[in-house]
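A.B. asks: Please read through the structure below; I'll follow up with questions.
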Amino acid sequence: MSPPTVPPMGVDGVSAYLMKKRHTHRKQRRKPTFLTRRNIVGCRIQHGWKEGNEPVEQWKGTVLEQVSVKPTLYIIKYDGKDSVYGLELHRDKRVLALEILPERVPTPRIDSRLADSLIGKAVEHVFEGEHGTKDEWKGMVLARAPVMDTWFYITYEKDPVLYMYTLLDDYKDGDLRIIPDSNYYFPTAEQEPGEVVDSLVGKQVEHAKDDGSKRTGIFIHQVVAKPSVYFIKFDDDIHIYVYGLVKTP
């Protein structure tokens, strides 16, 4: 297995706060278009992708999820791409000629007990680099992916975006090793007895970059196995970022 392809944009850190919502009042409210569209979760799709002056690429993949806090946003695993993408398939002008395919997503049998034992674990994942060298990436197995039963969500220290791999064979072959310290990667957030921590899912986030510019996004998912860890979708990026947020005194 080759190392994951690192997306072109990186993030140094996230500072999150709730942003004031702007409410617009209209005389007539039109029913959102996504309510009348076919449910495409679990479907195989293909479409063109046009980025700036670059030639059109043809992408093919599987729709994993429709984000509940932002229903126009879909989570997709594209064939041949290691990272998971978040796209507004019906709104993004870069998506050309979206087509739903008649193909079915295969559902092979899986050792559920072994699969579940990997969830929430910090791991060392070994990839084969150039000239047969071994590259070791440390990260965390976040969850089993929806729809594609043999795949897992995973993220890495070197690149905090959401990736998807079939990890069981790597684990059996010794190329995926569990790090005994479960808090190695994402420390567990301290919580007072009886304290109830509100989820940030659906809240907006602002990130200040090193150059002083800012980017905005939204928390779209809280990791069940590690509640201090969230998936973030930034407005200016198609990748899904993974960050652990720990309360500071």
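The backbone N, Cα and C atoms fix where each Cβ goes, glycine too.
Marked as region 'Tudor-like domain 1' by Swiss-Prot: 41-90. Marked as region 'Tudor-like domain 2' by Swiss-Prot: 119-168. Summarising the annotation, Swiss-Prot assigns site 'Histone H3K4me3 and H3R8me2a binding' to Asp159, Asp170 and lists similarity to another entry as the type of evidence. The region 'Tudor-like domain 3' feature in Swiss-Prot is assigned to 201-246; the stated evidence is sequence analysis.
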A.B. asks: Provide, as an integer number of angstrom, the distance between the C-alpha atoms of Asp170 (site 'Histone H3K4me3 and H3R8me2a binding') and Asp159 (site 'Histone H3K4me3 and H3R8me2a binding').
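C.D. replies: The separation of the Cα atoms works out to 20 Å.
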A.B. asks: Could you please provide the mean pLDDT value for the region 'Tudor-like domain 1' (41-90)?
C.D. replies: 97
A.B. asks: Need the DSSP three-state call for Asp159 (site 'Histone H3K4me3 and H3R8me2a binding') to compare against my parser.
C.D. replies: strand
A.B. asks: Let me know how many other Cβ atoms fall within 10 Å of the Cβ of Asp159 (site 'Histone H3K4me3 and H3R8me2a binding').
C.D. replies: 20
A.B. asks: Within the region 'Tudor-like domain 2' (119-168), how many residues are helix, strand or coil going by DSSP?
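C.D. replies: Split into helix, strand and coil, the region 'Tudor-like domain 2' (119-168) gives 4 helix, 30 strand, 16 coil.
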A.B. asks: What three-state class does DSSP give Asp170 (site 'Histone H3K4me3 and H3R8me2a binding')?
C.D. replies: helix
A.B. asks: Summarise the region 'Tudor-like domain 1' (41-90) by DSSP state, stating how many residues are helix, strand and coil.
C.D. replies: 0 helix, 25 strand, 25 coil
A.B. asks: Taking the Cβ of Asp170 (site 'Histone H3K4me3 and H3R8me2a binding') as the centre, count every other Cβ atom within 10 Å, in any protein chain shown.
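C.D. replies: Other Cβ atoms within 10 Å of Asp170 (site 'Histone H3K4me3 and H3R8me2a binding'): 18.
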A.B. asks: Under DSSP, the region 'Tudor-like domain 3' (201-246) has how many residues in helix, strand and coil?
C.D. replies: 0 helix, 26 strand, 20 coil
